[in-house]
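Q: Can you keep this structure in mind? I'll have questions shortly.
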Amino acid sequence: MTVIRKKHPLIKIINHSFIDLPAPSNISSWWNFGSLLGLCLIVQILTGLFLAMHYTSDTATAFSSVAHICRDVNYGWLIRYMHANGASMFFICLFLHVGRGVYYGSYNMIETWNMGIVLLFAVMATAFMGYVLPWGQMSFWGATVITNLLSAIPYIGTTLVEWIWGGFSVDKATLTRFFAFHFILPFIITALVLVHLLFLHETGSNNPTGLNSDADKIPFHPYYTVKDFLGVLILLMAFMILTLFFPDILGDPDNYTPANPLNTPPHIKPEWYFLFAYAILRSIPNKLGGVLALILSIVILAFMPLLHTSKQRALTFRPITQTMYWILVADLLVLTWIGGQPVEYPFIIIGQTASIAYFTIIVIFMPIAGMIENDIMDLD
């Protein structure tokens, strides 16, 4: 068996990735989220595949087909709610995974980090298009509002929007192409994940100290396979509690009303995992400025290696930057809350303040804190 594992052309790739992979001996549970994201992706692809067998991407029947899945298909309600809430679990793991990367300075592995940002954009695009498919009120108006943002692009904006819509409004052509893209993107994401892992295994994993751990490595199996399995059990338990007891808690009641182009919902808002970016978008009165801020709120992650001023990699031994980091986390929670509130006083000013704070902390305060900590170390 050992010979096959190490010599077979296909099996040895798996062996070098998940079995004999040298891993730091001190990585904590914050390193579990990579495998949990893999699990989420598998769950989403499988549940999505079964949903696609019964779903019809036509404006006349899309809403009814989702109702049919929930009422008439064996365990259709479970598959549908697992898929909807699986997206939420996916984003919870994603945000924690990115947050871990920022905290422990994993962005210094530039290829892995940049591929992660590409993955983040791909997952966000997939989730957005998936939200349109049930063809409820929030699906329709969410698609209208978000795609309309492209009209802010000078000169070609309006043409681009109509090209994406396949007409002069969000209609049958839009729904059909969104379904096609929503189906294909997870497989593209799977390929990107393999590239992400390829880059990671070129450098090896980071660890909580931020120091080089080449002198102290252990095999991935059995140590981290068992550790990851515990994470999997906890995630599945949380996931099934959410799906079976509170399936609609993260959804919008408006999406149980069929799409009606003649009736606008009182508050158009995306799913909870986009609210922080939506709040940044709304905080700028200018349309193009808002769109640029929205894109920059994610793209700014790519600049983190350039903004790293400290002599230390991780925040483990850097209390000043740690404080900045947790203020940033609190700020993102405020932005998420604001994104779900109506555009009126005092929410407008809170959103604008939180948006300014978001960019200021990353671009100004965290690099300055790093330099101050360098000076403190030099005093010793």
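Cβ atoms here come from the backbone N, Cα and C positions, even for glycine.
OK, Swiss-Prot features for this one:
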TRANSMEM  33-53  transmembrane segment
TRANSMEM  77-98  transmembrane segment
BINDING   H83, H182  heme b562 binding site
BINDING   H97, H196  heme b566 binding site
TRANSMEM  113-133  transmembrane segment
TRANSMEM  178-198  transmembrane segment
BINDING   H201  ubiquinone binding site
TRANSMEM  226-246  transmembrane segment
TRANSMEM  288-308  transmembrane segment
TRANSMEM  320-340  transmembrane segment
TRANSMEM  347-367  transmembrane segment
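Can you tell me where each of these features sits in the structure?
A: Listed as Cβ neighbours of the transmembrane segment (33-53) (distance under 8 Å, sequence separation of 6 or more from its ends, same chain) are residues 69, 79-80, 82-83, 86-87, 89-90, 93-94, 96-97, 100, 130, 182-183, 186-187, 189-190, 193, 228, 231-232, 235, 239.
Its Cβ placed at the centre, H83 (heme b562 binding site) has 21 other Cβ atoms within 10 Å.
Annotation for H97 (heme b566 binding site): same-chain Cβ neighbours under 8 Å, separated by at least 6 residues, are F33, G34, L37, G116. Taken residue by residue with DSSP, H97 (heme b566 binding site) is part of a helix.
Residues 48, 55, 57, 62, 66, 87, 90-91, 94, 97-98, 101, 106-107, 139-140, 142-143, 146, 174-175, 178-179, 181-182, 185-186, 188-189, 192-193, 195-196, 199, 270-271, 273-274, 298-299, 301-302, 304-305 of the same chain lie 6+ residues outside the transmembrane segment (113-133) yet bring a C-beta within less than 8 angstroms of a C-beta in it.
In sequence order, H16, S17, L21 are the residues of the chain that are 6 or more apart from H201 (ubiquinone binding site) and have a CB within less than 8 Å of its CB. Taken residue by residue with DSSP, H201 (ubiquinone binding site) is part of a helix.
For the transmembrane segment (320-340), the residues of the chain that approach it from at least six positions outside its boundaries are 99, 102-103, 269-270, 272, 274-280, 282, 310, 347, 350-351, 354-355, 357-358, 361-362, 365-366, 369-370, 372-373, judged by C-beta separation under 8 angstroms.
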Q: For the transmembrane segment (226-246), I need the partner stretch with the highest count of C-beta pairs below 8 angstroms, choosing only from 77-98, 178-198, 288-308, 347-367.
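A: By Cβ pairs under 8 Å, 77-98 leads among 77-98, 178-198, 288-308, 347-367.
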Q: List every residue in the same chain as H196 (heme b566 binding site), at least 6 positions away in sequence, whose Cβ is under 8 Å from its Cβ.
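A: When sequence neighbours closer than 6 are ignored, H196 (heme b566 binding site) has T112, M115, G116, L119 within Cβ distance under 8 Å.
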Q: Is the transmembrane segment (178-198) in contact with the transmembrane segment (288-308), using at least 3 Cβ pairs under 8 Å (sequence separation of 6 or more) as the test?
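A: Contact criterion not met.
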